[in-house]
Amino acid sequence: MFTEVLVALAIGGLIYFLLQRSRSQVLKAEDGWWGTGTPPDGEEDITIRPFTVTTSDEELEDLYKRIDQTRPVASLEDSQFHYGFNSQYLEKVVSYWRNDFDWRRQVDKLNQYPHFKTRIDGIDVHYLHVKPKKVPEGTTAIPLIMVHGWPGSFYEFYGLIPLLTEPSDPNDLVFEVVCPSIPGYGFSSAPQKKGFNSVCAASIFHKLMKRLGFQQFYAHGGDWGWLVTTNMAQLEPKTVKGLHVNFAPASKPGLPMILSIMLGRRFPKLFGFTDMDIQGIFPCMQKLVVESIKETGYMHIQATKPDTVGRGLNDSPVGLAAYILEKFSTWTSRDFRNLEDGGLTRKFSLDDLLTNVMIYWVSGCIVPSMRFYKENVGRGLNAPHTKIPVHVPTGFACFPNELIHTPKLWVKQKYSQLVTFSPMARGGHFAAMEEPQLMAEDIQKFTKAVEKKKTQ
């Protein structure tokens, strides 16, 4: 009996030690200089400068000239979107872009929110800073940073921002929103040195939020934005009050995940699996392996030799549009591969899709945006942040057409304080742009739950 008690105490002590060690792990980032050459003598200019998106006749004339000189390619018969962007439908998209799309009007739309730039670690960081017009008496606006991914941009959040800063329900929280462009994306300048990964971006965004006067804030992200905001929570867990994500692929498959893959279809209740989980991950070979191989060819290219294909995309607006818009088709719904038009306008307007493409075109950011894969994926999957759990309160919006389905059990392996897990009614990878109302509602639900806990 005495021996059994000692063994039990020893095991319990070991578990406690491991848990405490896990909790004490904090991601570390070193200050870097990502501009050209060496850092300048003296302190860096920390001025915050207003920024306005502009265009010109010369810019549009160059675009139209390049579009007019494109060489059409015939699609295979009955190929739909299975070989990539269908060339016949691409001709229709390009015709609309050339003849009907009004970039000047979209520039005005981009400028409806205040844009700024500020220099951090040698990078000109571009961001939106949208303050609420009205905050209920006795309350304060809740600061929220929202980070995009690839091949998206800050523009993905244009439908979501007003729902958060000007909610129609008087019982809803009011947010003050900051939407930065990841360095190398949109109107943020590109790193000029190797090694700029998600942790570096997270460190820069922490510095940005501090420069704006926020000592604590919430964070939201999808795609790369998921990883950048997750790293922000790992770097400074006391600064990030809450983390909301809609993408959370398992970084380190642990024993619970492996067992759930082996036995979950037969014993779903044992792992808390729902019908949505069963449909999303089984049969495993098809859902987790075959589909991943089908849809990640771009990732291998960008994680190995991004500059090669990037150079062609940087020169050809039609090639750039095909490369980007194909993702807005297939990543919104795999079933769209079976459609001649890729289902593009079932969820988005051509104006919105082409505005996102134009942000890549006019800024010339396609190559540095692709390099982000090289710096994160191409250097191996064993980075320190993959081993460190997140202890910040977390909310996960689980959209049914996301690229990778992540059951609650898997999410909790990384995010120990999972406050909300929301199976969403509809939506895919670009959920903030596709379903802004659903996303706003879930951000509200999560933030209210965290704020309520803090007052108890």
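Just so it is clear, glycine is given a Cβ too, placed from its N, Cα and C backbone atoms.
In TrEMBL this protein carries:
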ACT_SITE  ASP223  active site, nucleophile
ACT_SITE  TYR373  active site, proton donor
ACT_SITE  HIS429  active site, proton acceptor
DOMAIN    48-157  domain 'Epoxide hydrolase N-terminal'
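Using DSSP to sort the residues of the domain 'Epoxide hydrolase N-terminal' (48-157) gives these counts of helix, strand and coil: 37 helix, 24 strand, 49 coil. The active-site residues TYR373, HIS429 differ in how many other CB atoms lie within 10 Å of their CB, and the one with the most is HIS429. Within the same chain, residues at least six positions away from the residue listed as 'active site, nucleophile' with a Cβ under 8 Å of its Cβ are HIS148, GLY149, TRP150, GLY152, PHE247, HIS429.
Confidence in the domain 'Epoxide hydrolase N-terminal' (48-157), given as mean pLDDT, stands at 97.
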